[in-house]
Amino acid sequence: MSSVFDEYEQLLAAQTRPNGAHGGGERGSTLRVEVPVFTLNSDDPEDRWNFAVFCLRIAVSEDANKPLRQGALISLLCSHSQVMRNHVALAGKQNEATLTVLEIDGFTSSVPQFNNRSGVSEERAQRFMVIAGSLPRACSNGTPFVTAGVEDDAPEDITDTLERILSIQAQVWVTVAKAMTAYETADESETRRINKYMQQGRVQKKYILHPVCRSAIQLTIRHSLAVRIFLVSELKRGRNTAGGSSTYYNLVGDVDSYIRNTGLTAFFLTLKYGINTKTSALALSSLTGDIQKMKQLMRLYRMKGENAPYMTLLGDSDQMSFAPAEYAQLYSFAMGMASVLDKGTGKYQFARDFMSTSFWRLGVEYAQAQGSSINEDMAAELKLTPAARRGLAAAAQRVSEETGSVDIPTQQAGVLTGLSDGGPRASQGGSNKSQGQPDAGDGETQFLDLMRAVANSMREAPNSAQSTTHPEPPPTPGPSQDNDTDWGY
């Protein structure tokens, strides 16, 4: 019978191989789009600044077509380069787009002077200026910047120009993080990250863009595979650049931490709390299939190479293989563990309609039981004596018992946890009431809200009246879903 299991493992491996791994796919079957990209042949600080503003205006213009917006955005991200044509060549390795380079020799009264090699007529150059002047209506001050008049300020030197350009590029890169996931809820996180870069001195306050301009840029990124391929090449280049050697790629490397593995949170949380915790629950036969699936997915991730962390940004179809519905029971167990062990999961909406309540409860109980357990491997490495181990376990148990007397301030996330915003104690009372009296009319929505509420209440310090030597695990949220048959996404 061992051959049957070997064949099954090989079948799983074949099913999870990367798309296109064997080659022979269709090439050249899609019509190629001509994308005009601007380059500047001058190193004059004022010309560079005018070039960056010109590209920014076209990238957010309401009259520009999609290829023109895409090319202007690529040009804007290359405006810091010494030789822009070489930088643009990195974006030219496309299967669905052909980049047409339009060279600009300089600017006269903010009007671009195109090189004769570009073949841009005077009429077309004037049309570019008209397009650049058509900004979104929300830009009431006639400029993409919140501060009026900054476009007309001549830079002092090349350093001033680069600081201005980097301020714009940083805001463009910030929009990439949620361009392919939760783009409609990106305003809060974008503002927070821009404020961070302002504190670090990477973004100057007077060069902050209107939110509508950032939204237009994000929409261009979302709709253009050519732009996203260029962005991924820049991200990989930033990771391969030594830290501290390039101001621009230091910024790209910092933004990379927000973009890497976007859309794969469930997969990595399952690995962290379902596999890496090495609990005895992994020996359950009902988890064998999910563990085998995780093994194949880890192999698939490695086979994707450098593009693996950017599957979502590239729109890679292999990303769907990493959806939590593919390993629902192990995912449920891991989220139960994470609900107790990691307060950072509070803002992650882990509840799914395919989650198994029994495995979620199992994860909660294992996490509570492991609160004062000793990692034998680490204890052996630290050479802890038996007395030291007993003392450590006793201290951990004592801290766990005394948490009820410590008031730890926490920020309530009512939308994400299903709780009200009336304060910690009011939220706890509301959640207890909901748990005790579930509304039969709410159905599945009530189950998801209660699961979030219970997970949040376990991370908060319980009331002193609830503090006991052996705290009881929280009640199971909602009706049992052990026999659910809906395993869709």
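Just so it is clear, glycine is given a Cβ too, placed from its N, Cα and C backbone atoms.
Here Swiss-Prot flags Lys178, Arg193, Tyr258, Tyr348, Arg352 as RNA binding site, drawing on similarity to another entry. Its Cβ placed at the centre, Tyr348 (RNA binding site) has 16 other Cβ atoms within 10 Å.
Residues or ranges marked as compositional bias 'Polar residues' in Swiss-Prot: 428-437.
Positions annotated as region 'Ncore' by Swiss-Prot: 1-402.
According to Swiss-Prot, the feature region 'P protein-binding' maps to 1-375. For the region 'P protein-binding' (1-375), the model's average pLDDT works out to 87.
Swiss-Prot lists 401-489 (among others) with the feature region 'Ntail', giving similarity to another entry as the kind of evidence.
If you look up Swiss-Prot, you'll see 401-489 marked as region 'Disordered'.
Residues or ranges marked as region 'Ntail' by Swiss-Prot: 403-489 (among others).
Counted over every protein chain shown, other Cβ atoms within 10 Å are most numerous around Lys178 among the binding-site residues Lys178, Tyr258. In the three-state DSSP assignment, the secondary structure recorded for Arg193 (RNA binding site) is helix. All protein chains shown were included, and the count of other CB atoms within 10 Å of the CB of Arg352 (RNA binding site) stands at 20.
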